[in-house]
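Taken straight from Swiss-Prot:
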- Thr65, Pro66, Ala67, Gly68, Glu69, Gly70, Lys71, Ser72: ATP binding site (BINDING)
Amino acid sequence: MKTDIEIAQSIELKPIVDVVEKLGISYDDLELYGKYKAKLSFDKIRAVESNPVGKLILVTAINPTPAGEGKSTLTIGLADALNKIGKKTMIAIREPSLGPVMGIKGGAAGGGYAQVLPMEDINLHFTGDMHAITTANNALSALIDNHLHQGNELGIDQRRILWKRVVDLNDRALRHVTVGLGGPLNGIPREDGFDITVASEIMAILCLATDIEDLKRRLANIVIGYRYDRTPVSVGDLQVEGALALILKDAIKPNLVQTIYGTPAFVHGGPFANIAHGCNSVLATTTALHLADYTVTEAGFGADLGAEKFLDIKTPNLPTSPDAVVIVATLRALKMNGGVAKDALTEENVEAVRAGFANLKRHVENIRKFGIPAVVAINEFVSDTEAEIAVLKELCASIDVPVELASVWADGAEGGVALAETVVKTIAENPANYKRLYDNDLSVQEKIEKIVTEIYRGSKVNFEKKSQTQIAQIVQNGWDKLPICMAKTQYSFSDNPNALGAPENFEITIRELVPKLGAGFIVALTGDVMTMPGLPKRPAALNMDVESDGTVLGLF
């Protein structure tokens, strides 16, 4: 079979104007970036707000292998299949970060015959949103350092500045840096560091803001650090929220592209789910709900991270809650969660599938806690065997969860028809009764304990001394009614990436709590989660190239 990029380059794209015409979007509603990419104007976004709200399908997954389990591929393939069976459907997904594209992933626009196109553009610079977010973030850093240099009227304690610079790359050498060296003309020396752009609070803000005014309000609320008297300093205190919003004025508008089968897709925003809330923009999802009868969206990593955050953080900002949740499972991930070594995942092992099913079962139970019906999608791989598939279907039947095999990677829309029909039937026969996991009025400790004990199934939460001090500070400043955004490994329910399957009786340690007032949540850091990833021993970048005619090589 052709590679992803060979498939993508073999497709004759339709002009984006023609793709979105069936949604009632005209040429005048678009801000074009060439023939195949566009942003949707705010005038059109506001015009469709009075339209009925369609059905929302959330795609999540079991705890993944390092290569991922194909959530984006399944999301795209399911939407194509829904359109194939006559359902007016849109996609709303995140845009890739260049760091992982150059690192381990090599691309993040779906795969096989379930891709959003033009995949080369989407995986690289797209419409420039990532660069705008990077620039806004670093402009704030420059303005903070300039304030210190020009007399520090606000009394900012340079030892307690929370705000870091960012770059959209995996670069471990930048995690800890010192700025302001070289004498009095070069600023005030202080410790600083870089995060990856998708970990920036500005990325989270962009994905939760509903318009320019809300964007400015959220930007003004960012806490950049503390004064010498330990009181917080915000972007509003610096009076630069307008300048930051100006940099982001186009980035906030959702991007429109198409799938291989011509399904219209919003690809907008890209926070990670292990260090942020892991969902595409509220604006894109909300607008899709007003334009289509069905919207298919996804949340990053496993359901313990992305789906929990989608349901507890993003959903309250949407006009509706998910009508169904599709949990993507692969036999290789089930076998890994069942104790099989990574180099043996392609070998048949029915007993490992049985053992790893405990992981999938827990995710199904967790989704049901939110009052939403679950459907399991088996993302088919060539190494899957009939015996393994049969036992997984048998196990799903034992907990009364619908399950369908999906071959959208190899077969495109046709390979997702059975899944699409099952999802539509599930929505029709099992109306959702959404409820959040916790009430925001609970204490910070109680909210974290709810997530740990009810979603992860841990037995206890330990708060390190630093986090205890930060909780007291959060309460003192009146921030304790915000939801919690857990920063945790994606590979395990616990904070230990090696504790696979469905671990029990484990304790989770909270080492730090970071207020993200602009985004509207508090990040609870566990384990060794890094906000600036590093590159692997053999980065995907080593296989990338561009030919003299501009043809891109090596993305996948």
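Cβ coordinates come from backbone N, Cα and C, glycine included.
Ranking the binding-site residues Pro66, Gly70, Lys71 by the number of CB atoms within 10 A of their own CB puts Gly70 at the top. Listed in chain order, the residues near the ATP site other than Thr65, Pro66, Ala67, Gly68, Glu69, Gly70, Lys71, Ser72 are Ala61, Pro64, Thr330, Ala333, each with its Cβ within 8 Å of the site Cβ centroid. Counting only same-chain residues six or more apart in sequence, the Cβ atoms lying under 8 angstroms from the Cβ of Ala67 (ATP binding site) belong to Ile104.
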